[in-house]
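**Q** According to Swiss-Prot, the protein carries these features:
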ACT_SITE  ASP149  active site, proton donor/acceptor
ACT_SITE  TYR409  active site, nucleophile
BINDING   ARG116, ARG150, GLU275, GLU276, ARG292, ARG374  substrate binding site
BINDING   ASP293, ASP324  Ca(2+) binding site
REGION    38-86  region 'Hypervariable stalk region'
TOPO_DOM  1-11  topological domain 'Intravirion'
TOPO_DOM  35-466  topological domain 'Virion surface'
TRANSMEM  12-34  transmembrane segment
Amino acid sequence: MLPSTIQTLTLFLTSGGVLLSLYVSASLSYLLYSDILLKFSPTKRTAQTMSLDCANASNVQAVNHSATKEMTFLLPEPEWTYPRLSCQGSTFQKALLISPHRFGEARGNSAPLIIREPFIACGPKECKHFALTHYAAQPGGYYNGTREDRNKLRHLISVKLGKIPTVENSIFHMAAWSGSACHDGREWTYIGVDGPDSNALIKIKYGEAYTDTYHSYANNILRTQESACNCIGGDCYLMITDGSASGISKCRFLKIREGRIIKEIFPTGRVEHTEECTCGFASNKTIECACRDNSYTAKRPFVKLNVETDTAEIRLMCTETYLDTPRPDDGSITGPCESNGDKGRGGIKGGFVHQRMASKIGRWYSRTMSKTERMGMELYVKYDGDPWTDSDALAPSGVMVSMKEPGWYSFGFEIKDKKCDVPCIGIEMVHDGGKKTWHSAATAIYCLMGSGQLLWDTVTGVDMAL
């Protein structure tokens, strides 16, 4: 407990003499909450005083002389974030739909932005809905080129989760045709990639400051994960890759602290092609990622990154439930876990999130319902085990998007509750207008809550012909 002492000195002067009255009052005040005591730093401040010359009191009319000691408290810096146990629950339910183009009749600042590659990242107090825009809105006159992956107009934008990404709601963070973001507990880190295919550049922004860059190392479309990076104790880990979409593309991880790259991590193992990883914490020691191989296999490359040693290894998932699209029939690939099988050309980013429990861990995945097209989205789960060696099928856990609706990229993220983390999966539902009209997306969100079965799928409600 800290005593707060107030001393007051009052000096009274009269024409007949000097009357000195000294009053000292000491009182103890006790802080009611010990955590406040621990978090706040005391700082002493002393008021300036005037000197008093009493040699000739007859010349003094009236003087007040006081000295005050004041105790102030400085607000503490926010804490770095660490993964916690997941909030209780045994099933995912439909949480939210963000379908901007249901409001497509709006014009001007209320018009929805044309976007793709949405993802969500959360800090201790808020979640942000990110996307890559084509710097165009619907309705509007700039639809040409909105189906392109990379051009000079694309930007990383965000809105607070639950807001519609319109012109007036959106914050434009940086020029980018590939992106990521994460919160370390104190501040946001934003990642954007743009530039020519042969010499693209990663740019890092920490809060409002642009802080660092990273250059292409294979001169073939340097790109990042299109979902949230992951932070622990102030260190944030970002997956990047550089290489052919139909050949070798070796990934790396960047360790970033307060917006600056402090280490490069070069994974070992099955490294031929790894891109668009969806990553999360299996524990305080390990980040795991389910990734995309666009060249050789319909199995997902699975990364384990040790944050204590800053080492990473990649192997293919062994499950007979193949998670990429296009893909062969489940269980049809023979041989060891590292066998590629057929129908490995092409692919899609997949959703993946952890459910951390005291006695076990759940790994939740998403994949399209169609084996050949980006249609529908189903949820799967596997408790415990090792994705590198377990060949058993994943357990289906419900339909999030029916076969009649588009199911494109999907991603994982976690919402911070007061004492636990809520795992969620988001789904990009693309309005594919081809090259003749606008090309944009809605976002469906499913989160762990309660028990029972996943009850309802999501529709965008958008008719592009209107």
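Keep in mind that glycine also has a Cβ here, set from the backbone N, Cα and C atoms.
Mind running through what each feature is packed against?
**A** The Cβ neighbour count for ASP149 (active site, proton donor/acceptor), using a 10 Å radius and every protein chain shown, is 13.
DSSP classifies TYR409 (active site, nucleophile) as coil under the three-state reduction. Sequence-distant contacts (6 or more apart, same chain, Cβ under 8 Å) of TYR409 (active site, nucleophile) comprise GLU117, PRO118, GLU226, GLU276, ILE348, LYS349, ILE427, GLU428.
There are 23 other CB atoms within 10 A of the CB of ARG116 (substrate binding site), with all protein chains counted.
Counting Cβ atoms from all protein chains shown, ASP324 (Ca(2+) binding site) has 26 others lying within 10 Å of its own Cβ.
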**Q** To the nearest whole angstrom, what is the C-alpha distance linking GLU275 (substrate binding site) and ASP293 (Ca(2+) binding site)?
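**A** On Cα coordinates alone, these residues lie 6 Å apart.
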**Q** State which of the following binding-site residues has the fewest other Cβ atoms within 10 Å around its Cβ: ARG150, ARG292.
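**A** ARG150, out of the binding-site residues ARG150, ARG292, has the fewest neighbouring Cβ atoms within 10 Å.
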**Q** In whole Å, how far does the CA atom of ARG374 (substrate binding site) lie from that of ASP324 (Ca(2+) binding site)?
**A** 10
**Q** For ASP293 (Ca(2+) binding site), which residues in the same chain are close in space, meaning a Cβ under 8 Å from its Cβ, but six or more apart along the sequence?
**A** GLU272, HIS273, THR274, GLU275, LYS299, ARG300, PRO301, LEU316, ASP324, GLY344, GLY347
**Q** Distance check, please: Cα of ARG292 (substrate binding site) against Cα of ASP149 (active site, proton donor/acceptor), rounded to an integer number of angstrom.
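**A** That separation, Cα to Cα, works out to 17 Å.
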**Q** Among all protein chains shown, how many Cβ atoms are found within 10 Å of the Cβ of GLU275 (substrate binding site), not counting that one?
**A** 26
